[in-house]
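This report concerns only the one structure given below.
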Amino acid sequence: MQKLQISVYIYLFMLIVAGPVDLNENSEQKENVEKEGLCNACLWRENTTSSRLEAIKIQILSKLRLETAPNISKDAIRQLLPKAPPLLELIDQFDVQRDAGSDGSLEDDDYHARTDAVITMPTESDLLTQVEGKPKCCFFQFSSKIQYNKLVKAQLWIYLRPVKTPATVFVQILRLIKPMKDGTRYTGIRSLKLDMNPGTGIWQSIDVKTVLQNWLKQPESNLGIEIKALDENGHDLAVTFPEPGEDGLTPFLEVKVTDTPKRSRRDFGLDCDERSTESRCCRYPLTVDFEAFGWDWIIAPKRYKANYCSGECEFVFLQKYPHTHLVHQANPRGSAGPCCTPTKMSPINMLYFNGEGQIIYGKIPAMVVDRCGCS
């Protein structure tokens, strides 16, 4: 009996020395583990708006396959930008990206931009420096954006200077070829007759799709073209080498290409604004202003709504995969927590100068956040 009492005293003494036992210790450890696992892989949610904008700039350059932003000044843009109907229509009717209601579908976009149209300006060529002692216009060089897409349309646009009296104008588009035995250097592409009235000059388009297809199949046959637009007195009205005051009137090629559509799937998420107190994963508005970047090489849009995702992702909230919660409960230390990320992204249309001075109209995929979710 005495031994039992001694054992009890020793036990009580150990309790006093060791201090009280915290019965909540295990639960706190478990909670800490859960907090650690919540978003070790998604600390980017704490990024500021400025870092998000910097990321968008890097994305755009990467998707356009540009190492740096094209160095084109506003003055150069005024000279290079054609004052022609197809380009003016693109700018006037440009679908500036808006945060319109989404159907919740998720498009499987490619990473790089998809080209829809290319406006190609003439360039200098060693093959077309002089013919018959005179410099000739025009030589067009084609990038891979045209070569590796399905050609839908190819139009040559030329500007005809105004006439003082009603006149009939004969337009000829000639293709330069290698000298034949009889000395012939040209073969006809198109010819047409136009009746012009006094007033302002006019833009005229000519279908050159067949010629362009041949050039793409046999690049060595592309030696350039000559443009003539003669009135009854033999005066050439075509602007081939712009004179002072004729900026933006240089001939150019408008090429349209097509691509195959992508499949889609369904998804949904929460929408918030900057004043929202919502702590869960949500989509927030963010406007990208290219003029603020100093990116004058982007013709349109000047700004667009990109949006971003932010918020907490608890394991029981907006689970993308139902089994994720069970896996985490079984092994809380071994599973990374879900992250608030875009679950639907859509492209933006863009009209821009590339590094070669060509005007490109196309789509840049995955530049607008339409939905956010936890995954």
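Cβ atoms here come from the backbone N, Cα and C positions, even for glycine.
Per Swiss-Prot, the feature signal peptide maps to 1-18; the stated evidence is sequence analysis.
Annotation source Swiss-Prot lists N-linked glycosylation site at ASN47 (among others), citing sequence analysis.
Counting every protein chain shown, the number of other Cβ atoms lying within 10 Å of the Cβ of ASN71 (N-linked glycosylation site) is 9. Per Swiss-Prot, N-linked glycosylation site is recorded for ASN71 (among others).
Every protein chain considered, the tally of other Cβ atoms within 10 Å of the Cβ of CYS282 (disulfide bond) stands at 20. What Swiss-Prot lists as disulfide bond is CYS272-CYS282 (among others), and the listing cites similarity to another entry.
The DSSP secondary structure for CYS281 (disulfide bond) is coil. Under the heading disulfide bond, Swiss-Prot lists CYS281-CYS340 (among others), citing similarity to another entry as support.
Look at Swiss-Prot and you will find CYS309-CYS372 (among others) tagged as disulfide bond.
According to Swiss-Prot, the disulfide bond annotation covers CYS313-CYS374 (among others).
Cβ contacts within 10 Å of CYS281 (disulfide bond), excluding its own Cβ and spanning all protein chains shown: 26.
In three-state terms derived from DSSP, ASN71 (N-linked glycosylation site) belongs to neither a helical nor a strand segment and is classed as coil.
Candidate disulfide-bonded residues: CYS272, CYS309, CYS313, CYS340, CYS374. Fewest other C-beta atoms within 10 angstroms, CYS272. Reduced to three states, the DSSP call for CYS272 (disulfide bond) is coil.
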